[in-house]
Structure formats: structure tokens, C-alpha cells
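S.K.: Heads up, here are the entries from TrEMBL:
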- Y235: active site, proton donor (ACT_SITE)
- 48-53, 74-75, 111-112, 139-140, K244, 274-276: NAD(+) binding site (BINDING)
- Y225: substrate binding site (BINDING)
- 2-79: domain 'Trans-2-enoyl-CoA reductase-like NAD(P)H binding' (DOMAIN)
- 82-318: domain 'Trans-2-enoyl-CoA reductase catalytic' (DOMAIN)
- 325-388: domain 'Enoyl reductase FAD binding' (DOMAIN)
- E75: site 'Plays an important role in discriminating NADH against NADPH' (SITE)
Amino acid sequence: MVIKPKVRGFVCVTAHPAGCAAHIQEQIDYVKSKGLLKNGPKKVLVIGASTGFGLSSRITATFGCQADTLGIFFERPSEEGRPATPGWYNTIAFTNAARAAGRYAKNINGDAFSDDIKKQAIEAIKADLGQVDLVVYSLASPRRTHPKTGVVHKSCLKPVGQTYTNKTVDTDKGVVSEITIEPANEAEIADTTAVMGGEDWEMWIDALLEANVLAPGATTVSYSYIGPEVTWAIYKNGTIGLAKNDLERAAKSLDAKLKAHGYGRAFISVNKALVTQASSAIPVVPLYISILYKLMKARGTHEGCIQQIQRLFATEMYNGSALNFDDARRVRIDDLEMRPDVQEEVKKIWPQITTENLPSLTDIAGYRTEFLKMFGFGLPGIDYEADIEPHVPMV
Ligand code: NAI
Ligand code: NA
């Protein structure tokens with residue numbers, strides 16, 4: 001079939017297998033261009049490995065550190081003539097490239113929150129790797145079935161304590177409007193923390209320790225976001241921010257456990273705002289990202305997921321010295337985003353934005369390009385008029 005983008009609000013319901021493969025190759029080429037890291041991890045488990053920051057972590061481990069990887073993700077294959085999700089195609093392209101380079105790469109597609117997938121992962125590590133020395137926890141999910149209670153928790157993106165009104169953009173239509181979001185109730189706050197907080201990360205590390213498949217001295221990292229004041233009501237101080245506070249709590253608790261296990265470590269890296277499937281669903285944030293991209297591109301400081309994670313590995317995690325923490329024990333690779341000159345400019349531009357000046361005051365075009373690229377569209381060298389087989393079996 002000929003596969004074209006079909007954008008519905010903040011999702012694209014199609015994905016292009018060859019385009020996704022080209023996108024993977026771009027990321028591999030970038031990591032290779034930066035050279036091999038001498039002190040990198042050798043056996044890596046990535047939970048949330050098929051898109052966004054988790055995928056970039058897997059690519060950096062494999063092609064920047066010559067690591068063997070086990071990837072966990074939740075993706076849908078092609079069915080009834082519908083293309084698969086991009087993470088499905090990404091994983092196949094990544095795995096083929098990793099194996100061609102002589103690296104081990106194994107995949108488990110299923111619910112990472114479940115006991116069963118944890119068990120499968122442990123069995124795979126035991127059988128093929130022995131132990132892992134890095135665990136990247138990079139899930140972004142709208143819901144979690146709790147493995148002990150069976151309760152389905154749904155996360156929401158709402159302010160806490162008060163109603164929030166601000167500008168937002170329909171990135172597909174290019175229309176700027178005002179959005180008002182009512183505050184979350186206690187149950188919604190608790191549910192969001194159950195999904196995006198630290199409990200499942202702790203369950204993973206506890207299960208790995210218990211099964212003795214975590215190497216002494218191993219590292220585990222998870223990702224968070226802080227961002228500018230304009231988004232605090234919906235992000236940092238909203239339901240997702242409270243869940244991230246719980247992730248920070250888990251990082252401290254896990255760090256103590258891992259310190260006692262061969263002097264390992266657990267920490268949070270605060271990353272830059274980027275177009276991913278997870279971030280495009282958040283109100284207000286895509287408008288901020290469109291402004292940010294313009295300012296950072298003009299300064300030559302713009303980075304994508306792969307540049308962010310390669311830098312995290314090269315300058316923080318595996319540069320042979322200790323991690324640089326902020327006052328809350330977090331690594332900050334959002335440093336270039338948070339630079340005062342950038343943020344002051346955001347503050348100036350924000351009140352001026354209208355539907356009419358959106359294309360000139362922001363990089364909405366760049367936002368859309370990046371968004372489509374996540375689904376394998378707009379890649380150079382791909383013939384998008386050509387017939388392509390959407391059904392590709394997992395490898
Ligand atoms: P993403 O949507 O690109 O990736 C999510 C990953 O989780 C995918 O691999 C998906 O298959 C997997 N996943 C989701 N539910 C699953 C389940 N039940 N079982 C197994 N796998 C599942 O998201 P993104 O943006 O890369 O987010 C990863 C982390 O980075 C999140 O913690 C997010 O808060 C954080 N972050 C994101 C930023 C952004 O601007 N996108 C900025 C800073 C941090
Ligand atoms: Na990810």
C-alpha cells in the first residue's frame with residue numbers, strides 16, 4: 001500500500017516503515033559520528049525502548065558504547081491493512097542494524113507494568129546476558145493496570161488546586177486559542193502518580209535485584225521535565241509534576257538500595273522539551289515547544305532526543321567522573337533550554353502569539369516536521385508514492 005500521514009488532532013494514525021528506518025539510521029549515524037565512549041555500559045535493559053528518549057538511549061548504548069540491549073515496549077503490529085505504530089517499525093530497524101553491527105538486541109512487546117513482562121525480561125537476561133549494568137526507565141503511558149490490585153489507573157494532565165487558563169495551539173490546524181482546565185481531584189492526582197510516578201520503576205529494580213540479574217555497581221536512570229513558568233500550572237505543579245516528584249522519591253530510595261549493591265546508583269535526568277508522542281498530548285506545551293525550537297535553533301543550541309541522550313551518556317554518566325547534580329539531586333541536560341536569555345525571550349514572545357503571527361513568531365513548521373518524522377514521514381530519500389508492505393514481523 002501507499003502510506004500517507006493521517007493526522008487526527010495530536011496523533012498520526014499511520015506510520016511509514018521505510019521512513020521510520022531512515023529516522024533510526026539518522027540517529028545511529030549521529031551517535032557514530034560522536035565516537036565510542038570508553039567507560040560505557042555493556043549490557044543494558046531499556047524499559048520504553050521503542051520511541052522518544054528510551055529509543056535514543058538504546059541507540060546510544062548500542063552504537064556509542066557497543067552494548068547489548070534488551071528492549072521493552074508496548075507497540076501494535078500492522079493489522080487489517082493498517083500500518084503498525086512507529087515504535088514497531090523503529091524497533092525492527094534498530095534491531096536489524098544492531099545485529100548487523102554484531103550486537104545482541106532482543107525485544108519484548110507487552111505491558112511493562114505487569115508481573116509477567118518483568119518475569120519474561122528476567123528470564124531473557126538470565127539466558128542471554130547474565131546481568132545488566134544499566135537500566136533505563138523511560139515509560140510514558142496514559143494508563144497502568146496495577147499488578148497487585150488489578151485496578152486500572154488512568155493518568156491525566158490537569159492543574160492542581162486551581163483552574164488554569166492559558167494559550168494553546170492546535171498544531172495540526174495552526175490555530176491558537178485559550179484553554180481552561182479545571183483542577184484535578186484527589187483521585188485523579190493519585191491515579192496519575194500511580195501511572196507516571198516511581199512505584200513501577202521500584203518494582204522493576206526490586207525484581208531485578210531479587211533475581212540477581214543486576215550487576216554490582218549498576219546504574220538506573222529515569223527522565224523528568226521541569227520547563228518554564230508558563231507551563232508550570234499544567235506540568236511541574238500539575239498532576240504530571242506531582243507524579244514526577246514521586247519518581248524523584250523513588251530515585252532516592254533506589255539509589256540507597258543500589259549504593260549497597262556494589263556502589264551502584266539511581267538518578268533522574270531532567271531533559272529538554274521535545275516533540276514526542278507523549279509531549280504532543282499535553283495542552284499548552286506544544287506552543288511552548290514551537291517557540292523554544294525557534295529560539296534554540298537561532299542560537300545553534302537546539303537538540304533532539306538523540307543529541308540529548310548522547311550528551312547525557314558522554315558528559316555525565318560515562319565520562320569517568322561523578323554525576324553533576326542540581327540542589328535536588330537531578331542531572332540537568334535541560335540546561336540549554338533553561339538558559340536565562342532563552343527563557344526571557346520566551347516570556348516576551350508568549351503574550352504576543354496569535355493564530356496570524358504563529359508562523360513568524362514560532363517554529364510551528366519545525367514542530368510539524370519533527371512530529372511527522374516521528375511517524376516516518378518527510379525523511380529524505382524515501383519514495384512516499386511507492387507501494388510498501390505495512391506488515392513487517394517483529395524481530
Ligand atoms: P514516548 O511516548 O516517545 O515513549 C514512551 C515509551 O514507553 C514507548 O517506547 C512505549 O512503547 C513505551 N510504553 C508505554 N506504555 C507502555 C507499557 N504499558 N508497557 C511497555 N512499554 C510502554 O515518550 P517520551 O517523551 O520519550 O517519554 C519518556 C520519558 O521521558 C517520560 O518519563 C517523560 O515524562 C520523559 N520526558 C519527556 C520529555 C518530552 O518533552 N517529551 C521531556 C523530559 C522528560
Ligand atoms: Na521513551
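Yeah, the Cβs are placed from backbone N, Cα and C, and that goes for glycine too.
Note: TrEMBL annotation is automatic and uncurated.
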S.K.: Counting other CB atoms within 10 A of each CB, which of the binding-site residues L139, V275 comes out lowest?
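M.R.: Per-residue Cβ counts within 10 Å for the binding-site residues L139, V275 bottom out at L139.
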S.K.: Can you give the mean pLDDT for the domain 'Trans-2-enoyl-CoA reductase-like NAD(P)H binding' (2-79), rounded to a whole number?
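M.R.: Mean model confidence (pLDDT) across the domain 'Trans-2-enoyl-CoA reductase-like NAD(P)H binding' (2-79) is 97.
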S.K.: Running a distance check here. Ligand 1 versus the recorded positions F74, Y235, K244, V275: which have CB less than 6 Å from one of its atoms?
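M.R.: Passing the 6 Å Cβ check against ligand 1: F74.
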S.K.: Which of these recorded positions is closest to Y235 (active site, proton donor) if you go by CA atoms: G48, E75, Y225?
M.R.: Y225
S.K.: In sequence order, what residues of the same chain, 6+ apart, have a Cβ less than 8 Å from the Cβ of K244 (NAD(+) binding site)?
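M.R.: Once residues fewer than 6 apart are set aside, K244 (NAD(+) binding site) is near M196, G197, S224, Y225, K236.
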S.K.: Based on DSSP, tally up the residues of the domain 'Trans-2-enoyl-CoA reductase-like NAD(P)H binding' (2-79) by helix, strand and coil.
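M.R.: Counting residues by DSSP class gives 31 helix, 16 strand, 31 coil.
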S.K.: So which of G48, G52, F74, L139, Y225, listed as binding-site residues, have a Cβ under 6 Å from an atom of ligand 2?
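M.R.: Within range of ligand 2: G48, G52.
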S.K.: Rank the recorded positions E75, D111 by the number of other Cβ atoms within 10 Å of each Cβ, and give the residue at the low end.
M.R.: D111
S.K.: Just to verify a number: CA distance, G48 (NAD(+) binding site) to E75 (site 'Plays an important role in discriminating NADH against NADPH'), in angstrom, no decimals.
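M.R.: If we compare the Cα positions of G48 (NAD(+) binding site) and E75 (site 'Plays an important role in discriminating NADH against NADPH'), the gap is 10 Å.
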S.K.: Where among the recorded positions F74, Y225, Y235 do you find the Cβ with the fewest other Cβ atoms within 10 Å?
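M.R.: Minimum Cβ neighbour count within 10 Å, taken over the recorded positions F74, Y225, Y235, occurs at F74.
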S.K.: Work out how many Å separate G52 (NAD(+) binding site) and E75 (site 'Plays an important role in discriminating NADH against NADPH') at their Cα atoms, rounded off.
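M.R.: It is 13 Å, counting Cα to Cα.
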